[in-house]
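Before any comments, here is the structure.
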Amino acid sequence: MAARSAFRRALPWLPRSPVASSLRQAHHVPSQRPFSTSLSASTPNPSSSKDPSVPDYAIPDPSRPTHFGFQTVTEAEKRERVAGVFASVAESYDRMNDLMSFGWHRVWKDHFVASLNPGFSPLGDPPRAPQHILDIAGGTGDIAFRLLHTAHVVNGNPDVRVTMSDINRAMLTVGKHRAARQLPASQQAALSFVEANAEDLTKARPLVPYPPDHSTSPDEYTGSEQPFFDPATATTGIPDASVDLYTVAFGIRNFSNIPAALREARRVLKPGGVFACLEFSKVVSSHPAGALFDAVYKEWSFRAIPLIGQLVAADRDSYQYLVESIARFPSQDEFRDMILDAGFVVAGDGYENLTGGVAAIHKGMKPRE
Amino acid sequence: MSSPAIPRPASVAAMRRILRPARLPQRPVTATPESCRSVCSGAAATRPGALNASSLRSPPSRARIPRPHLQPAARSYHSHDHPPPPGPFTPAESALLSAAYKRVPEHGFTQEALALGARDAGLLEISPAVFPGDGVFALIRWHLYTQRTALADTVDEVAAGTPAGPAGVAERVERLTWERLRANEAIVGRWQEALAIMAQPSHIPASLGELAQLADDILYLAGDVSVDPSWYTKRASLSAIYAAAELFQTTDTSPGFRETRAFLQRRLAEAAQAGAAVRSVGQWAGFTAGAVVNVLRSKGLRI
Ligand SMILES: C[S@@+](CC[C@H](N)C(=O)[O-])C[C@H]1O[C@@H](n2cnc3c(N)ncnc32)[C@H](O)[C@@H]1O
């Protein structure tokens, strides 16, 4: 129960139809806040953040009572439970990706990152320059972790740092928890988390976990109860020409203004920097096998996925949305042309189809002026 | 496929637009199928002076022209059963590949050459990631394409003093083929590895396509005007001979590749005598398999 609600809260970009939300209200009124923040942090006092003296509620006390859903538990228990919830969110999220792609998404992500070969640097003169990678719509970290692994381990280049960014603080918080569990310290040190809307990267702020955990002091906690990044809280931004590689995987179709996001990508990239996008795409139906696959895949995605979604996460609408957003996304050629229109140059056709076009990788380079 | 129309390979139509050697016979223009002229456009866009900018993909100058594809109708009985030739390169590709190519003699057709080239071009080490598939194969295609199209620039010099008539054609074929082989000089030490990459299943069509184009260009530049069925056999056997000579060249240590030229001349003479058996694809595959085996052996594999 908690996991399901958390899942929905972690994916709030999913639109809610009136019917769906009223249904949800009916079912979930008692659990609209499945895990509230700790008692203290849930009532942040704006003036207290200016107060230099640390309020006593800011000092973690594992035995202090706090809220978890409707239960009162100790902070220590809550930490554990929150971690548990996030684990199941992430799990549910992975399962969703598996279902959407027949499990292919792992293969595609591996290929995506391998084809970018981050951190590859022939030893030569002048010595290699550090690389900065920006993983947009980074979600729970699937791409960022792979990028770090390839750069640091495969290419043995520690001079690569990754900034993981997402508009959804809850997803990013899951990513941060996962990073803490899965990554070696050196890679964690090279990874940072930033809240931002891909359509306007001039406004950003370092991740304030959502819901806040007790490693965040209430002083820092300026976040609202919204899991979405609020541009009014921005403290920083991604500077012009500061990024070598911009990645976005299974994120761009959710953006409401794709051209704006592409312009921002161009702005933050250095000349010579690469934009790389992995996304569900249009099955190539000119090929007889492709046509068959297309028919089967459409049938599968429109009928089976929402049904399975209902079983897995009791959230048919969300899955329906995902399927429809994939169907609405432009074709390979159209999206390539959008990338060109944003001022990138491409090589070859500008894209590579994966699994007959179920997904595709698009890339563009920011030219020198 | 069975149409006895005048064969009109892709590259030549484009080349003719930029190169009109007054002394060399032209094929009758009336025979140019319109479909072919359109699909063949843009085969020679990268060399300086080439005017065809229509398929360059960059915001200011792009025109959305599909990449050249050989329509079935445009395929005459030079049964090139391969995908379109590795046509012109986009500006991004040209910038990266021309710089990386300079690094090939030292670093081979490798990711290293690409990254160093990117740096030389004022770009970033990550820039070669922009290639959708394999940047290394693009670098090989760059070599094949630029050296093939460069033949057109040297044809006047190379053909100077050759007689008219069939004997002249044969002589020019030999000289042009030799000219092309000489263009391998800077990278010859890296060429066996490149052949091994070209022999990967996903690259074979494009590699064979380039080879067929080369034979076609050489015969065209040499002034071969035959439109009879020998049109195909000549191209096929020249492809096979070139591929064999090139492989020979990768192991040739004689000064100025003397041995390679002698090898080339022997093969051409044999072909003229035997009436040229057509085994180009099979032979090419065989030769390339040989190269693959050599490369694997050099890497310590016992085969
Ligand atoms: C399906 S997830 C992909 C996560 C991850 N890249 C992966 O491949 O596993 C899509 C992500 O896009 C994010 N997103 C949606 N709209 C966004 C926007 N305008 N700016 C930044 N991120 C956005 C969502 O919050 C979500 O985390």
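Placement of Cβ uses the backbone N, Cα and C atoms for every residue, glycine included.
Site annotation for S-adenosyl-L-methionine in TrEMBL covers A:Asp166, A:Asn197, A:Ala198, and the matching candidate from A:Thr140, A:Thr235 is A:Thr140. Residue with the densest Cβ environment among the binding-site residues A:Thr140, A:Asn197: A:Thr140, by other Cβ atoms within 10 Å.
According to its DSSP assignment, A:Thr140 (S-adenosyl-L-methionine binding site) is coil.
The sparsest Cβ neighbourhood within 10 Å, among the listed binding-site residues (A:Asp166, A:Ala198), is found at A:Ala198. According to DSSP, A:Asp166 (S-adenosyl-L-methionine binding site) sits within a strand segment.
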